Amino acid sequence: MEDVDLGKDRTQLIDFVYANGNGSASNLNNRNNIPLSEKAAKEPLQTQPQEAPPAPKPKVQKQKPPVKPKKRIACSPGSAICLFLLAVAAIIFAAFLGHYLTKQNYEMMQFKSANESMTTCKNFTRSHKKHQDIVNEEDADENASIKQPTKEELALPKNVQPVWYDVSLSPKVGGNGTMGLAHVKLNIEEPTNKIVLNAKDIEFTRNLEKIQLSKEVTKRAKKSVDSGTNSTSEMPEGSGEEAMATTATTTTTESTTPVSSFVDTGIKVTNIEFDENLEKVTLTLDQELKKGSTVVLKIPFTSKVSNNNGLKEYKYKNSEGKEQSMFTTQPSYSYLRHVFPSFDQEAFKAPAAITLMHSKGSIVVANTGVKTKDDGDAQTSTLNKVLDPDFVIGDLVASEVNTTSGITIRIWTRPEVKHSTEQSLDYANQAIDAMEHILQSRLESKSLDIVAVPGFQTGNRVSPSFIVLPEEDILYNEQSNDINQKTRIARMISNRIAAQWFGGITNPEEFGTFWLNEALPRFLEVEALEKILDINSDDLWTYEMEKILERDATATSQPLRVKNVFSSADIAEIDHEFIGKKGAAVLRMIQKSVGVNVFNKAIRSFVSSYRSAYPYDDGLWKSFEKALGGKLKGWNNEPLDVAKFVNTWVDQIGFPLVSVEKLDDETVELSQERFKNDHKTKEQFKFRNAKYWFNWEVPLFLKSSGPVGNVSWLHEAFRLPLNTSDSIYLNTDSNGVYRVNYEEKRWNDIAKQLEKSHGKLSERTRARLISDVFALANSGALPFETALNVTSYLPMETATVPWLIATRIFKKLTERLEGAPIQDKLNSFIYQKIHKKFEEISSSPGEASSNYLKNRLYANLLDLMAIVKPEKSNEKLNELFVEGFLAPCQFSGNFSSDCSEVPGDLREKVYCNGVEFGNDTVFETVRELAEKEVDGAEKDLLQNSLACFRDPRALRRLILDNLNSTSTVTLLLRKMNSRPVGKEIATNWIIDNWSTVLKKKFKNDPETLNAIADAGIILDNEREKSMIETFMEHHHKSTHGIESLDKKIEEATTDIYWRKQKINELNDYLDGKMKGPAKDDEMESSEEQE
């Protein structure tokens, strides 16, 4: 059946099969019963026999009346001339009337346009239409060639320089756009008759008279001042700095205050052109602006609020079920051009003062000072000048706490969830204390505002003293949440607070240099987590290193330092999360190589002396050289050059596989090569010829039972003295970002040692051995028998980290072999390994509920038990769902976070299982509870459980209904792909709706398309892989740059190849046909026979 392509009939078949399980088949059948019309029901069918018709009666012929002679109508010449003149007069009158009405209509349109209409400005120079062949595709523009703009094309001309912005904005609820008016003061550096600004998704007026150029005139108004001591606030114009209080003693005098006014220059705008690709708007003037002059540009506009960069509206429902909105700037790269027309490039930075018109009762929180006045039915808030304005408008209230260093932390939330911020305040307080201790530095500001926005999508920008986070990453409910939510809050807050010390990326061109802006907060968040929740950072890194290594072993991986990034399309291709996590792992490897004390000393020196240096990362490596003082030697026995060491890890993709090969009884050789999951997919051309030819400077972290000398680094292959009786281990405690391979015999010896005395190796070393041996077996470098033998000792393992790695590997095996003939054998094998550990953790749930890593292990074991023993798992989960959720919540009218009695760490699985095996009534109950829930974490759990339902039609509606929230729809798609029915729906829905829904809605947002494709597409076989490849060919323009699609194809290629190569080998092992590790005497006898 796998090779049969059912096309659209396949989707209908899925609908019919799964809908029956929910009692919905009747609806489907009723739709197919189309009643006959009354006429069709009464008339007999033509094929039925009929009686012969009666014979016709003879017709009686009637006599025809005599034909009358025709009358001729005559017209005199005079009458004809009169008729002709009347016709001419009618034509002239009709022409005059048409002209008059057209003129009136045109003048009315001009009047409306001048006063209220705003239209998208396009290039008025239109190309002539040419004949084009009909394209047999859904979108004709898919055939257009893909051309990325160059750096020079994207750059703004330097003949005009902004001094300041004064912008008024009036956001409208419901995605109706933001009406705005911008005043921009400009210095003219070179003579020009054009002004070029950045603009994206902004509409301009056609009434060019509304766009004005003025001169700023400063007048002085007199003001009386009494003698005495006066306090004033001074702010240098255009500086963007905070006001500085000054005190002076004066006598009674008259002081003067400068007041600015604007006088029209008489220069007119004759044309306005918009270039969508370059994100520029060009104003053409009727006169040339002179060098050295200063003008103020006034331009009205309307900006969108529905995109994912710039100003965005987030909708939610309050506790009474009323829909409300919050508006917030979306802090990402080059975002000002989405809010108002601006010179949105690093070389043209200028402070902006923002005036916001908003509804009465709402609050404005910003990264600068805010003054609000009441205008009756509305309010006006004015933001002080700042380089990168960042703000939130909404119904907000604050909770606050003061740190020991005197910083006031305020967390702003909706009024109905204010009580759930106590935990976040405490974690923010501890995070600042932890950062101040690690960095030996304090924040420059004495206040920090953290705003919680429902459904917010976290960006990469950092605003001083101002943080915006998703509400679900802030709120904690003691009754409904668990250790996972505590960890989620602590990590997110620690990450964003750490970023306050290091700044953020404000311009695409900086990304190549500023990779550390992602990595440093990631690294420090784990350090802070150890202080806040007592989570061992080394254990956590060992577990989380798995995803980093798996991703980096693919052909679609990316280097940490990405250069030549100029546009938003380039940025969309960058995997920010991966770069941040791998970068943090590299920083940890540096820490383990140089020592904690030296590392902290270097970081502190960087914060105090080099943080503002450019290039940014050069300052950090100088700090390390200073802290090391030439004491640590590198691979060449010279003082370690930290910059060169790190460059080998950040300028090329992937990581090394260090191989240990025994040459004879007294010598081993160490060598390195790039490790890949397989070699079926090629890297992007620009990454194939790596800068260092896939050679790294590798810290070995070596442990040996015999003398091997002072060995710390691997650069080129070299040999070590090692006797046969001695053992050697590399990358102990999982400190390095690489894998290690030993000879097959050595792996078998390791398996025996683990069975005999696994405690002699640290738990992180044991975890790294399990991870490496399975990665090597999956890649074909080792037999799978060798990897499975290493797990023989697992029933005796008591530590958490090795089990975390093993359960993750077992789960991946079950996913790859789902539906395969050996699935039952594999399930029995895994059950024998895990059932004792599962019973052990289940018997003491209190420990798992308070320890994050043990809680993760419990979750992994529950997932595995649901696969290998589904009947036992489902019965228990269903019982919890009925008794702990439906019974107390279904008719109570309460919020789920208040009425649910299901333990917090089990809610995700219990809710999903209950919805999956429930009926339509259960689905609607959970949907209604999710809709009115005010607790962010509980709302997520309820919404995601809806994706477990088994009615395909309901799942499709669920995706469509949640497209306005990228974070929600991606979570739903991931959850669907974890269930058998949802997996059949998600990928097909994306393909079917790419042109009609997704591409249109997210036309200028490739990052969101990338996230949706990554979450929603799962490819399990050749047919599905071929389907996506064909889809990408037909939509090559809109899928260009969606790197998650290439990643999915590579993953599918790897899995398909793996199944072809490994199923027989695994079958033989599970059947007991393999002997296991060979003994020394057996190997010697086999060699003699050869």
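Heads up, the Cβ atoms here are built off N, Cα and C, so glycines get one too.
Keep in mind that this is a model prediction, so the values were computed, not measured.
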Candidate annotated as N-linked glycosylation site in Swiss-Prot, where the set is Asn22, Asn402: Asn402
Between Asn993 (N-linked glycosylation site) and Asn402 (N-linked glycosylation site): CA-CA distance (Å): 50
Cα-to-Cα gap, Asn964 (N-linked glycosylation site) vs Asn894 (N-linked glycosylation site), nearest whole Å: 27
Residues that sit under 8 angstroms from Asn176 (N-linked glycosylation site) by C-beta distance, when 6+ apart in the chain: Val305
Rounded Cα separation (Å) that holds between Asn723 (N-linked glycosylation site) and Asn993 (N-linked glycosylation site): 64
Integer Cα-Cα distance in angstrom, Asn894 (N-linked glycosylation site) to Asn993 (N-linked glycosylation site): 37
Asn993 (N-linked glycosylation site) versus Asn919 (N-linked glycosylation site) - Cα distance in angstrom: 27
Around the Cβ of Asn964 (N-linked glycosylation site), the count of other Cβ atoms that are within 10 Å: 14
